[in-house]
Amino acid sequence: CLHVSELCDFVITGNDDGTIRLWNPDSGSTISLVGHTNTVTCLEVATRGNCELLLSTGYDGHVGVWDITKRRNELPRLEAMLKAHRQEVLCLRFNAHHQTFITGGNEHAIHVWSISSYQQLARLEGHSAPVTCLALDGNFLLSGAEDGVVHVWDLHSYMALATLKVHQAAVESLCVVPENGLLLSCSTDRSVRVWDYGLGREVLVWNHPEEFRSLAMSRATGQVLAGTEQHHIIA
């Protein structure tokens, strides 16, 4: 996995051997963080007061919390390593508004955690397949799974609001367009789809001969960028 955050100056990567690297893109220098015992799957940068935190998840079922606040002559340090799921954690999102982070994975459930106390605040159940990706839109959480289904959750009540059959194969990535609340998704069914999830209506679909694995939105150009299993990026 790879993460670029507006909150810090690092490019951050996670590896199959359980290590995390923070890269200085100007100098090429790097710092290695060791804590996970298996593949690192997701990375997020969060804030808690004046601290900048790196959140990491892995196949070991843990969430790592690293203090990466820039201080003179101090290296990032591991603050906590939480056993978040019994099985592999596949997705992670930080909710700055609620000061929580959200995890999902192979055990089909979604967990909501406090960023300050690391206590579990909620367990969201409803998926019948591994949860592969998460997206936030205000007080709504959207979760995609291997069976092509997306669930919509209310983060105030922690209630399920809607179930959408978006793809015919695993949902690999989700993204919400902030300006209009449209949901973008991609899948190994070789499609990128746009949904008005509030109305439960598909707005647009792009089909392609290759299987999609990742998705991003360029707000500067209005383009959707999708990476494929066959090593291409499609705009």
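Backbone N, Cα and C define each Cβ position, glycine as well.
It should be emphasised that the depicted structure is a prediction, and the values quoted were computed from it without experimental measurement.
Look at TrEMBL and you will find 1-33, 33-76, 82-123, 124-163, 164-205 tagged as repeat 'WD'.
Regional average pLDDT for the repeat 'WD' (82-123) in the model is 96. Same-chain residues lying 6+ beyond the ends of the repeat 'WD' (82-123) with a Cβ under 8 Å from its Cβ atoms: 38, 41-48, 53, 55-65, 129-136, 138-139, 141, 143, 145, 153, 155, 158. Helix, strand and coil residue tallies for the repeat 'WD' (124-163), in that order: 0 helix, 25 strand, 15 coil [DSSP]. Residues of the repeat 'WD' (1-33) grouped by DSSP class, helix first, strand second and coil last, total 0 helix, 16 strand, 17 coil. For the repeat 'WD' (82-123), the DSSP-based tally of helix, strand and coil residues reads 0 helix, 24 strand, 18 coil.
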